[in-house]
Amino acid sequence: MSDDAGDTLATGDKAEVTEMPNSDSLPEDAEVHCDSAAVSHEPTPADPRGEGHENAAVQGAGAAAIGPPVQPQDANALEPPLNGDVTEDTLAECIDSVSLEAEPRSEIPLQEQNYLAVDSPPSGGGWAGWGSWGKSLLSSASATVGHGLTAVKEKAGATLRIHGVNSGSSEGAQPNTENGVPEITDAATDQGPAESPPTSPSSASRGMLSAITNVVQNTGKSVLTGGLDALEFIGKKTMNVLAESDPGFKRTKTLMERTVSLSQMLREAKEKEKQRLAQQLTMERTAHYGMLFDEYQGLSHLEALEILSNESESKVQSFLASLDGEKLELLKNDLISIKDIFAAKELENEENQEEQGLEEKGEEFARMLTELLFELHVAATPDKLNKAMKRAHDWVEEDQTVVSVDVAKVSEEETKKEEKEEKSQDPQEDKKEEKKTKTIEEVYMSSIESLAEVTARCIEQLHKVAELILHGQEEEKPAQDQAKVLIKLTTAMCNEVASLSKKFTNSLTTVGSNKKAEVLNPMISSVLLEGCNSTTYIQDAFQLLLPVLQVSHIQTSCLKAQP
C-alpha cells in the first residue's frame, strides 16, 4: 500500500509542477530551492516509516546521482546568496506559487527536492574547492623546494669533509628553511576555511586568485631565501676547506685583508729600487751613458735650456702679433736671416767634422773655446769644460803608454816561456789574461765616463751662454754675428767629442788585440754610438739657442728705436 501511495503522490506532484507557469527569470535550480524552503516550514513527523522511505528513494536513484545524499536543513541555516536580484525574484515566485499550509502530499516532494539539491551543488563550491586544492599544491611544492635546499646543504657539507662543529652549524641552518615552509602551509590552511564558503562564482574566483597570489609570493620568498642561504653555506665551507688544505691561500687571504693605498705601495717600491741601485753602485759601477750623463748634471742643464728657449719663442710670437705693416715685414726678414745662418752652417759642420776633429788637440780646443766666448762679448769662462777635456786626453795618453809597455812585457815573457815547461806556462798565462781583461774593462768604463762628462760640460756651457746673451751682455753685438760665433763654438765642441770617441776606440782595439771579436766588437760599437749621441745632444742644444738670439735681436732693435 505504501508503494502505491508513493507512486500516486509522485505523479500528482509532477502534475502540479507541470501546471505551474514557466517564467524565464526563474531557473530550475531556483524552483528546487523554493520547494525545499516551503516544505521546511512544515512540521515533519518523525516516524521510522518516513526515514525508511527516504533511504529507499535515495537507493533507487543511486545510478543517476553523483554526490552523497544531503539531509534537509533549516531555513535559518541556509545562507542567502550574494546576488540580491536573483534572490528577490526567486522569493517572489516561491511566495506566489507555493503555499505554506500543511498538505498531505508534501513529504514525498521534499525527498525528491532534496535529491535534486544533491544532484546540482552550488556553483561557488567548485571554485572554493579549486582554490583550496591550488593552495595545497603550491604549499607542497614550496615544502619540496625547502627540503631540496636543505638536502643540497647536507650534501655539500658531506663532500667538503665537514665534521664535528661544522656539521652542527649546518644542522642549525636547516630549521630556517624547514620552519619557513610550515608557516606558509599553516597560513594557507588558515586562509582556506575563511575563503572556502563563497556563495557566488565571482567572489569565489576572486578569493581563489588572491589566495594563489599570496601562496606564490610566500613560496617565491622562501625559495629565494633558501637558495641564497644554501649558496652562502656552500661558499663558506668551500673557502674554509681550501684555507685548511692550502697554506698559500692563507697567506694571500691575509694580504688581501690589508688595505694599502697606491701611494704607499709606490713609495715602498721606490725605496726598494733605490736600495737595489745603491747596492749595485757600491759593488760595481756600471758603464751606463744615460746615468753618467745625469750624474754630471747634463740632463738638468738641457731641460733648463729647453725652458728658456720655449719662453723666448713665446715672446717672439707675442711681439710679432703686436706689430703690423712695414715694421712687421722688416722684423720678419731679420729673424729669417738669423734662422738661415743656423740652417746653412749645420751642413758645413757635418762636412768638416772629421777633418777638424783629427787635427785638434786638448790645448788647442781650450784656446779656441776661450777666443770664441770672447767674441760673443759674454763673461763666460769654460773652466769646467777645459778640465774635463784635459782629463780625457790625459788618461788616453797614459793608457796608450801602459798598453805599449804591457805589449813589450808580453813579448819578452813569451820568449822566456818557450824555454820553460808547459806546466809552468798555464797559470802564468791565466794571470796575464785576467790582467788584460781588467784593462779592457777599465778602458771601456773610462771612455764612456769621459764622453758623458765632456758632453754634459758642453751643454752646461751653452746654457750659460744663452743666459748671458739675454741678460748679461757687456757690449751690444748684432744677432747675425753672434749666430756665426755660436756656430763655430758648437762645431768645435762636436769635433772634439768625435775625436775623443775615435781615440777611445783606438785604445780599446790596442788593449784587446788578443781578445776575441765577440768581446771586443760590442765595446767598440758602444763607444762609437755614445760619441754620436754626444754630438747629437750638442747640436740639439745649439738649435735651442735660435729663439734666444731672436729675442736678443728684438731687444736691441727696440732700444735703437727709442730716442
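Numbering starts at 1 and runs along the chain as displayed.
The backbone N, Cα and C atoms fix where each Cβ goes, and this holds for glycine too.
Remember, predicted model here, so these are calculated numbers, not experimental data.
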Listed residues Ser261, Ser337, Ser404, with the one flagged phosphoserine by Swiss-Prot: Ser261
Range among 118-142, 343-367 that Swiss-Prot annotates as coiled coil: 343-367
Selected residue, Swiss-Prot feature phosphothreonine, from candidates Thr185, Thr225, Thr401: Thr185
Residue from Ser196, Ser200 to which Swiss-Prot assigns phosphoserine: Ser196
